[in-house]
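Chemist: These came from Swiss-Prot, pasted as-is:
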type     : residues           : note
ACT_SITE : 269                : active site
ACT_SITE : 345                : active site
BINDING  : 257, 262, 281, 343 : Mn(2+) 2 binding site
BINDING  : 262, 341, 343      : Mn(2+) 1 binding site
């Protein structure tokens with residue numbers, strides 16, 4: 001799918017479907033903006049008859065028989081003083097999703113004076129494309145409906161030289177993350193994930209290293225391998241490196257939890273634990289690889305970025321880890337496994353140690369780590385923890401720009417008491433209360449504390465059961481846009 005603009009004489013324009021955004025106030029004057037299609041006075045009469053007021057989310061459609069336009073969809077944006085970028089994106093996204101099966105091209109005309117920067121234009125374009133996303137890979141009968149190929153923006157004023165190339169690259173990263181998360185576990189195995197990473201490296205000139213189980217064993221990754229040994233599928237430890245040409249001003253490591261399926265192990269997931277959905281337990285690694293794809297194409301200056309995923313399954317066989325086992329992570333710390341369904345933090349323990357040994361300036365990890373964060377923040381907001389206020393503020397700002405909401409959670413040191421073990425250095429889970437916090441405190445034990453670090457728990461945000469905003473039902477690709485924006489802001 002591509003983006004385009006039409007900025008010439010609109011009298012010469014024609015199209016199939018036009019989405020036209022209007023504010024709640026002064027509708028009559030705004031209708032003058034589409035006089036190249038229809039008589040504004042006639043349209044105002046019809047709009048008035050339909051009692052359309054331009055309230056947020058309100059829509060009105062008209063069908064035309066002439067050659068200039070087939071369908072006009074007017075969408076209300078509400079009052080200008082209350083309008084924000086997210087409202088515009090969600091309104092346009094909902095409409096695109098409703099019309100995507102009917103058109104190969106959709107045109108959009110908005111009150112551009114409310115868009116404050118080229119960045120916001122690009123983000124609007126991203127939202128439009130991501131709203132139209134469809135995944136029909138596993139359907140027996142291929143979708144015979146039309147496929148949206150182009151989104152066109154009409155009549156820019158302040159953004160005549162707008163370029164959408166970067167927006168397209170970011171969308172490709174989000175779409176990759178969505179495909180990875182949505183793929184069934186018999187399709188997206190650790191092997192397949194490593195192949196996806198290798199393809200990113202090939203396409204965008206990244207360095208790639210895939211560590212096999214023996215190499216991980218040689219590095220002392222006892223926590224990661226304890227999880228992996230319950231599966232008949234070999235684990236794959238993925239390390240991609242994107243290094244800018246010229247002087248490097250900052251080194252960054254981005255780590256993603258990569259459980260391609262999580263049965264819970266011997267603490268088997270039952271009932272409301274949704275074992276059938278545990279294909280998305282690699283949402284963190286999907287975000288990391290999606291960001292790698294986007295940033296590999298964008299090629300930021302002055303940075304060395306490491307993308308790390310410890311991919312494996314958490315399954316049950318004769319070799320699977322038992323509740324009560326003690327394992328040793330690669331930093332030498334011993335862990336009593338009191339719950340085999342808290343496996344993600346075990347894989348991250350060795351992945352974070354590996355990242356720390358690279359001596360980066362900062363480490364970000366993303367993981368579908370706890371159900372507790374979903375209870376705390378729901379499905380629209382991801383919780384994050386950080387040992388550095390500057391990093392936390394930068395991530396929060398980037399997430400706001402990207403339209404992915406983060407909420408900072410406390411690293412409540414007193415809660416570490418709940419991780420104490422009588423036979424090992426620590427347990428892998430604490431008490432039920434504050435479960436997402438103790439999970440973050442556990443991770444904090446596996447990297448050099450001089451390194452700036454943030455942990456983002458996306459358990460509630462990586463999937464949606466229904467259409468919501470710019471996300472069709474299914475995988476959201478949450479985290480890609482925030483990571484890319486954070487890097488771009490440097």
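Yeah, the Cβs are placed from backbone N, Cα and C, and that goes for glycine too.
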Chemist: If you count other CB atoms within 10 A of each CB, which of 257, 269, 345 wins among these recorded positions?
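Modeler: Answer by Cβ density within 10 Å: 257.
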Chemist: Which of the binding-site residues 257, 341, 343 has its Cα nearest to the Cα of residue 269 (active site)?
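Modeler: For residue 269 (active site), the closest Cα among 257, 341, 343 is found at 341.
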Chemist: Please list, in sequence order, every residue of the chain apart from 262, 341, 343 whose Cβ lies within 8 Å of the Cβ centroid of the Mn(2+) 1 site.
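Modeler: Same chain, not in 262, 341, 343, Cβ within 8 Å: 227, 259, 263, 264, 265, 267, 269, 278, 281, 314, 340, 342, 344.
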Chemist: Check residue 257 (Mn(2+) 2 binding site) against DSSP and tell me helix, strand or coil, would you?
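Modeler: Once the DSSP labels are grouped into three classes, residue 257 (Mn(2+) 2 binding site) ends up as strand.
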Chemist: When neighbour density is defined as the number of other C-beta atoms within 10 angstroms of a residue's C-beta, which of the binding-site residues 262, 281, 341, 343 has the lowest density?
Modeler: 341
Chemist: For the recorded Mn(2+) 2 site, enumerate neighbouring residues of the same chain (Cβ within 8 Å of the Cβ centroid of 257, 262, 281, 343, site residues themselves excluded), in sequence order.
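Modeler: Counting only non-site residues, the set is 227, 258, 259, 278, 282, 314, 344, 347, 367, 368.
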Chemist: Would you mind reading off the Cα separation of residue 257 (Mn(2+) 2 binding site) from residue 345 (active site), to the nearest angstrom?
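Modeler: Cα of residue 257 (Mn(2+) 2 binding site) to Cα of residue 345 (active site) measures 8 Å after rounding.
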Chemist: Based on DSSP, name the secondary structure state of residue 343 (Mn(2+) 2 binding site): helix, strand or coil.
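Modeler: It is coil.
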Chemist: Looking only at C-alpha atoms, tell me how far residue 345 (active site) is from residue 281 (Mn(2+) 2 binding site), rounded to the nearest Å.
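Modeler: About 12 Å separates the two Cα atoms.
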